[in-house]
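Presented below is the structure to which this report refers.
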Amino acid sequence: MEFLKSFTTILFVMFLAMSALETVPMVRAQQCLDNLSNMQVCAPLVLPGAVNPAPNSNCCIALQATNKDCICNALRAATTFTTTCNLPSLDCGITI
């Protein structure tokens, strides 16, 4: 259950990270933002209390269409936000 809460937080921060990236060309940043926005169909699956946390076909299609670099870059950026915001570091039990 804690993993789902953490994953939901990561997804939210991913969207924020994509809008904050300044080093990526604008077209690429917009593509990543669009890709990650399409991943919203997966959000109900990772929220605390999700009845069936297995991905459905819509989630799988969105994940397949998403550039993997966009996901990884967003997660990397999100991990730096806690330091900048003077918050405890994220401990999600995943290694990126």
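Every residue gets a Cβ built from N, Cα and C, even glycine.
Summarising the annotation, Swiss-Prot assigns signal peptide to 1-29 and lists sequence analysis as the type of evidence.
Sequence annotations record features per position, and here Swiss-Prot assigns disulfide bond to Cys32-Cys70 (among others).
The Cβ of Cys59 (disulfide bond) has 19 other Cβ atoms within 10 Å, all protein chains considered. In this structure, Cys59 (disulfide bond) is part of a helix by DSSP. Per Swiss-Prot, disulfide bond is recorded for Cys42-Cys59 (among others), and the stated evidence type is similarity to another entry.
Positions annotated as disulfide bond by Swiss-Prot, on the basis of similarity to another entry: Cys60-Cys85 (among others). DSSP gives Cys85 (disulfide bond) a coil state; it is part of no helix or strand. Cβ neighbour count for Cys85 (disulfide bond): 7 (other Cβ atoms within 10 Å of its Cβ, all protein chains included).
Counted within 10 Å of its Cβ, the other Cβ atoms near Cys92 (disulfide bond) come to 17, all protein chains included. Swiss-Prot lists Cys72-Cys92 (among others) with the feature disulfide bond, giving similarity to another entry as the kind of evidence.
Spatial neighbours are here defined as Cα atoms within 10 angstroms of one another, and by that definition the neighbours of Cys42 (disulfide bond) among the disulfide-bonded residues Cys60, Cys85, Cys92 are Cys60. Counting every protein chain shown, the Cβ of Cys70 (disulfide bond) has 23 other Cβ atoms within 10 Å.
Working note on the disulfide-bonded residues Cys32, Cys42, Cys60: by count of other C-beta atoms within 10 Å of each C-beta, Cys32 ranks first. Neighbour density for Cys72 (disulfide bond): within 10 A of its CB lie 11 other CB atoms from the protein chains shown.
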